[in-house]
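Undergrad: My questions all concern the structure below.
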Amino acid sequence: MSVPASSFLLLCFLMNSFSPAQSYILPHCEPVNETVSVEKDGCPKCLVFQTAICSGHCLTKEPVYKSPFSNIYQHVCTYRDVRYETVRLPDCRPGVDPHVTYPVALSCECTLCTMDTSDCTIESLNPDFCMTQKEYILDY
């Protein structure tokens, strides 16, 4: 029994189109520009500005069989090289240091999440979330 060429080509197309690796394209872990906010107790305004953060997809594997003796961990997109910058919050009360220092991503990598430097929660607040009145820096 021979398979017509058109059926063979259709079969090849369908096999490739449903490949997990090719069914969608996700951006790889890399620095991206993002609007973020900083605020501090004693300062009535939240400062909103753009900076480079790490964002993107990291390949991960999850075992089919999960044993209580096996370690399961996932890699996340996080900072490799950073530079620190400082901004000054407006209208802070006397005695409150108005300066806030934040990391700027220079390069990123897929690695285990470090709670000391990263937000490792499943879903966190948006990066530009503010509890107080927002003030924008327009000259990024």
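Just so it is clear, glycine is given a Cβ too, placed from its N, Cα and C backbone atoms.
Per Swiss-Prot, the feature signal peptide maps to 1-23; the stated evidence is sequence analysis. Sequence annotations record features per position, and here Swiss-Prot assigns disulfide bond to C29-C77, C43-C92, C46-C130, C54-C108, C58-C110, C113-C120 based on similarity to another entry. The annotation N-linked glycosylation site is assigned in Swiss-Prot to N33 on the grounds of sequence analysis.
Situate these features within the shown structure.
TA: C29 (disulfide bond) falls within neither a helix nor a strand when secondary structure is assigned with DSSP, and so counts as coil. Around C29 (disulfide bond), the C-beta neighbours below 8 angstroms that are at least 6 residues distant in the chain are C54, S55, G56, H57, C58, C77, C108, E109, C110.
Note on N33 (N-linked glycosylation site): other Cβ atoms within 10 Å of its Cβ, all shown chains, come to 12.
According to its DSSP assignment, C92 (disulfide bond) is coil.
In the three-state DSSP scheme, C46 (disulfide bond) falls into the strand class.
There are 23 other Cβ atoms within 10 Å of the Cβ belonging to C54 (disulfide bond).
In the three-state DSSP assignment, the secondary structure recorded for C58 (disulfide bond) is coil.
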Undergrad: By CA-CA distance, flag whichever of N33, C43, C46, C92 among the recorded positions is nearest to C113 (disulfide bond).
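TA: Nearest in space to C113 (disulfide bond), counting only the recorded positions, is N33.
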Undergrad: Within 10 Å of each Cβ, count the other Cβ atoms and name the one among the disulfide-bonded residues C46, C108, C110 with the highest count.
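TA: Highest number of other Cβ atoms within 10 Å: C108.
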Undergrad: Which of the disulfide-bonded residues C43, C46, C92 has its Cα nearest to the Cα of N33 (N-linked glycosylation site)?
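TA: Result for N33 (N-linked glycosylation site): the nearest of the disulfide-bonded residues is C46.
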